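Per TrEMBL, the feature transmembrane segment maps to F:19-36, F:43-64, F:76-97, F:109-132, F:162-189, F:210-236, F:284-305, F:357-374.
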Amino acid sequence: MQIATLIEQVSAHNGWNMALAGMTIVFTCLVILALTISRIHKILDLLDNRDQLRLKMREFFVGREKEKQVASLLTPALELEAARYRRLTPFLGETFSLKKLIRFAESRGMTNPPPEKTIRQLMEVGLIKKDMRNRFTWDDSVAK
Amino acid sequence: MQIATLIEQVSAHNGWNMALAGMTIVFTCLVILALTISRIHKILDLLDNRDQLRLKMREFFVGREKEKQVASLLTPALELEAARYRRLTPFLGETFSLKKLIRFAESRGMTNPPPEKTIRQLMEVGLIKKDMRNRFTWDDSVAK
Amino acid sequence: MQIATLIEQVSAHNGWNMALAGMTIVFTCLVILALTISRIHKILDLLDNRDQLRLKMREFFVGREKEKQVASLLTPALELEAARYRRLTPFLGETFSLKKLIRFAESRGMTNPPPEKTIRQLMEVGLIKKDMRNRFTWDDSVAK
Amino acid sequence: MEDLFLQFLSNTGFALVDYRQVIMLCVGTLFIYLGIAKHYEPLLLVPIGFGVLMGNMPVMHGMGLSIYEEGSVLSYLYYGVTKGIYPPLIFMGIGAMTDFSTMLARPSLMLLGAAAQAGIFITFLGALMLGFSPGEAASIGIIGGADGPTAIFLTSKLAPKLIGPIAIAAYSYMALVPVIQPPIMKLFTTKKERLIKMREPRKVSKRERIIFPIIGLILSCLLAPAALPLLGMLFLGNLLKEATVTERLADAARNTVIDTVTILLGVTVGASTQGDIFLTKESIGIFVLGALSFAVATACGLVFAKGMNLFLKEKINPLIGAAGVSAVPDSARVVHTVAQQEDPTNYLLMHAMAPNISGVIGSAIGAGVLWSFLT
Amino acid sequence: MEDLFLQFLSNTGFALVDYRQVIMLCVGTLFIYLGIAKHYEPLLLVPIGFGVLMGNMPVMHGMGLSIYEEGSVLSYLYYGVTKGIYPPLIFMGIGAMTDFSTMLARPSLMLLGAAAQAGIFITFLGALMLGFSPGEAASIGIIGGADGPTAIFLTSKLAPKLIGPIAIAAYSYMALVPVIQPPIMKLFTTKKERLIKMREPRKVSKRERIIFPIIGLILSCLLAPAALPLLGMLFLGNLLKEATVTERLADAARNTVIDTVTILLGVTVGASTQGDIFLTKESIGIFVLGALSFAVATACGLVFAKGMNLFLKEKINPLIGAAGVSAVPDSARVVHTVAQQEDPTNYLLMHAMAPNISGVIGSAIGAGVLWSFLT
Amino acid sequence: MEDLFLQFLSNTGFALVDYRQVIMLCVGTLFIYLGIAKHYEPLLLVPIGFGVLMGNMPVMHGMGLSIYEEGSVLSYLYYGVTKGIYPPLIFMGIGAMTDFSTMLARPSLMLLGAAAQAGIFITFLGALMLGFSPGEAASIGIIGGADGPTAIFLTSKLAPKLIGPIAIAAYSYMALVPVIQPPIMKLFTTKKERLIKMREPRKVSKRERIIFPIIGLILSCLLAPAALPLLGMLFLGNLLKEATVTERLADAARNTVIDTVTILLGVTVGASTQGDIFLTKESIGIFVLGALSFAVATACGLVFAKGMNLFLKEKINPLIGAAGVSAVPDSARVVHTVAQQEDPTNYLLMHAMAPNISGVIGSAIGAGVLWSFLT
Ligand code: NA
Ligand code: NA
Ligand code: NA
């Protein structure tokens, strides 16, 4: 077969164009994808920083107030209790059920004031928080 | 749209009847199911008690005979052997293969009388029973 | 129904022939399969022996040469190093990655000559071989 | 070659994109976000959300890419939805996962699962009023059954065109159970009622648990034969589980089968929400009625529980009535959470499971009844 | 509304129930009982039994609930049976589970697996005599192959209407192997024969085990091409197992695939036994002939083993001939049990596995031969 | 009876066997041997090889045994190939297995995955020159994509008759990557280049990995909508994996689904290579062009990497360009091995994964583009 015929066969089916166009498109796609991907983590960082920025601003304007409010509830006595309960964490894990916490507290003789009451107070203050799955965790942001 | 028209549209498709009938049927179904379920364990208890009753009656009429028959086979010597073999259970598990039992017995020097013979006797007496899967267990009901 | 009719019904559908032919074919198939299977391990043994035979012949003609060649590379110093590296096997497993081997060697102070160099030499000599999965093993056939 | 590029460019999404698809892409992303970040039913919302993305990529019609074009891969996988095959398989898996013990221990609580189905029928009436055809109205009503497979199954039989919006509505509201139910629960109960503690249920023997799926099948299918595909498979799965000798089959049902089918169902239901088909006035109606349905079902369960207390010596906590809507096990968890907000030592989860799973049976029966009325 | 109630009541099972359905409900319950309480092949009897219940719930025809109505969920799942797809998939799983070592160690024992297939052909003659058509007679004969998937496969090709009764008969008798075989075994062997001990088989190398499925496929399908769907998949599964580098595929075959297919096959075969279709004179004939087939197959295996002993220096225990019927691994276990009743130190299980699995190959070949005769 | 025997004998393989089938039986055995003994892609070569055996057993046509006869078991299982369903399911499993971290850490390496796709289009031209029709030429070109599922998917759409040879060529060359690529790699790179070490990529956060499949789907399907079936499922699988809350679904995708589909795809693709259909001049052309395609793709990747180095401050090792052909993860491993031959302390595996998996995306896009051109 002659080379002319070979080339002819390609042209007849619009082959050159398809090949060139195809390769260009594949390349373009991956270039655009690569460019986009390389932005993702920068955008995410920006978002995080924005949150931090906003947080700082809020702290500046609102923070004091909230602290005060918490402070009024977070009596020294309660703070002491909180510390005692906090020490049970190693036995309970980072997230825990209240039932278990109460059992642990009782088994360690922490019955005055009754665990139920203390825990309710701790939840009101926001030191213990509940997640979607009805498990509880300590919220350190309030603790300070 | 007027309320009359709305109601009209429901009636036109026999909606009121379907809704009421549907709800009634769902309710009836679950009520019947609930009633039936609440009977299951009572019926099961009854059946168990009937079995016990029958057992007691059979014991009364037949039991003595069987006991005697077993007794005649269950010589004091064999009983002694049985106790020795019984002590191997912790090593064998609740169900065991005869092969393993023999090997264990031999490894503990229990060779006179030979394990094969003793085991055959224990099976005749009914102290060792075989289950569907060709595994063996001790039958305590006979042991007493 | 009369027996004659019964037999008639079988003949009408060519039943006798089908049954006899069927049974014969099943039997023949399994006989041929059994005969073939009974040859497999003998043929495999033969193949293995042929390989051994060939190996022996090759050893006779070629082996010396190769040994010499290896010997020239496998200096006593390298042999000593090889033995030291060999002792790391229990920590690395039978197949290992070079990275790990180097780390282990370095952590044991085997840095002179540098592990990279020693390992390259060991690979040239053929004492360390690579498998398909890019893991390495010791080749004992050369070691002797 | 410019022709080819132009042809190609005119085939790319940029040229074909439609504002409705953009809206749906946002919806899909929102679903994925809610699933992953908020833990709302992730096993459903993530595949559905991704399916929404796949179904709303702007593609040329006629190339065999869309779920609605015959011969496309998605259309083959979608058969399991349109023919109603996936829901019974999912029910088999659920059966092989579910322990009916609490329900067997206190069968009276099954009435709560029945009461909450009133939402189905009230919404059915509402949908008829809005001008939906009876088949469509029944399918919309079943959203209040709070059971995705049941809703998809009935819709595939009575109003196949609405599978997308009804499935999305059903799964959305099921995912939002922790948001939707608590206010209704607080509205319909007093603090004193929410503080009621309940006694531990009795132990249920293995034999009872084995007999239940058999009795359950026979009774419920004698009364409502059309519930057979769903309840039959539910009880089959449960029997395989409780028999223990068929453990490996139960294992296949509750892992292999349900997980594979969940992916396929999720992604195809998601992909069926093509903007031009999904974003219609009807869909809005379906979402509004669906929300209504959920609220009414919850309220019915609560009110019925309060009614039961009038006759019971040992009072039940009426909150567990809200678990009758199904949405297993989320609505039972929500009941538990709300109760614990009043008294952290009150553990209602186990008690709420009884109405919760009888709600599944109830809505399957409801679906069967509506199906038999309208066929 | 009374109309609706009446219509509904006339659709409930109570109105539609037929005495034959009641009988079948009892049969289904019996199957479940035997599976769970008596441990007779629970993996088969429990799903089949439950399927019998599902198939015999009295439902209105025309609603798309029955397995015989096009468009019903059960009908879709039943395709795998009627098209003969499930049996090969199950064979693949069996292949991936089975260790052919004992057979490879003593291939002469394969003759026992051949001999026991005589039952198939003798029953085939019997069925012809009773007036069954050749296709039906072949399907009935294959019950004596003691291999459920093979029986279903052949019946789906030659007598699709009889799938229900033949499958039920095959699986029932397979489950009843521990009841049916022992008396026949004792009848055809002397105590002295039953006491014969056999030598440990030789070790079989990994290479042999890898080569076997390839040779096995080529030879058996050269001789009986129609055995390809079943034996091809059996040997494929076995190769995946023995290759070890394809362990994860073998794992899928022997867990995911076989378990899922077993549930679907069991429940649909069960559901295909609708009382009005199942409880016929023909079914009774099938059950009688099936029992005969089993007994004859067992006897043939035993007698052939005794015959072999005339020529062998190292005698075999003729009991293992009974394992040639297949019913893997139950009939091998029964052989072991019967031998142990005579001498608790005689371990025949491993020896009985050789005729047992060659019986599987034998009946698949038998099925292929009959299929090729009758197509 | 002699008639029956003669008829049977004339149906056995011995009477029907054709020299082309003998050749194919050898090919099948070779595949199995390479898979098991040489560890060349055993998960593919073993099922395909056994499928080749099954497809080339000499069977009578008209009995419903051949994969090309309607109603045969193999033909049902083959639907998943001809309808293009298996490849997307496999892609879902691959997505649920793949960690895109290295690619996300250095997206510039994705260009290598793009460059290596030039092989596809050059081979496409070559195939047109040899007189293949455009659809066939495109399917042959895609062999250079070094991605089995993609090749099968495109061929099922554009040249269904060539599925057998193209799939076999694609999988053979993928298996032979450790043999084909090293000489080309050495030819196109200098020793100095092969010694280049690369820096550890940065850590990629979980959020990035979750966002990627969503962005990836939207972008790639906006630009090349026809890549949707393959890339949609790939990204779906990956999202299920990265979301972690959908772990059990990812698990099903990467075990249950992919293993089952791999067996079915392998055995049916193998069985589709019936000697009379497979051993043609065209197949030889396909194999020659396929090898060319692979070689060109490898070379393009290498040369492009060298080109990139002209512009990069921190040079990359051009060997990783060869991993752009896909053949995940074998070609990345080969890159690693070749680099280690020069310097055993150079660890390129992780770096080679970036072009490797972007090569998968690239060839799926390439397939989509060709499909949209030719439909
Ligand atoms: Na419900
Ligand atoms: Na058999
Ligand atoms: Na590629």
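Using the three backbone atoms N, Cα and C, a Cβ is placed for every residue, glycine included.
Worth saying up front: this structure is predicted, and the values here are computed from it rather than measured.
Here the transmembrane segment (F:357-374) has Cβ contacts under 8 Å with residues 91, 94, 98, 100, 103, 109-110, 112-114, 116-117, 120-121, 124, 134-135, 138, 141-142, 145-147, 150-151, 153-154, 157-158, 216, 220, 223-228, 230-231, 234, 301, 323-328, 331 of the same chain, all six or more residues outside its ends. With a cut-off of 8 Å on Cβ pairs spaced 6 or more residues apart, the transmembrane segment (F:210-236) and the transmembrane segment (F:109-132) reach fewer than 3 such pairs and are scored as not touching.
Of the two recorded stretches, the transmembrane segment (F:284-305) does not lie close to the transmembrane segment (F:43-64), with fewer than three CB pairs under 8 Å once pairs fewer than 6 apart in sequence are set aside.
Same-chain residues lying 6+ beyond the ends of the transmembrane segment (F:162-189) with a Cβ under 8 Å from its Cβ atoms: 31, 34-35, 40-41, 44-45, 48, 52, 81-82, 136, 139-140, 142-143, 145-148, 151-152, 155-156, 269-270, 272-274, 277-278, 282-283, 286-287, 290-291, 294-295, 298-299, 302-303, 306, 318-319, 322, 325, 327, 330-331, 333-335, 337-338. Distant neighbours of the transmembrane segment (F:109-132): 102-103, 138, 140-145, 282, 285, 289-290, 292-301, 303-305, 308, 316, 320-326, 351, 354-363, 365-366, 370; these residues of the same chain sit at least 6 beyond its ends, with a Cβ under 8 Å from one of its Cβ atoms.
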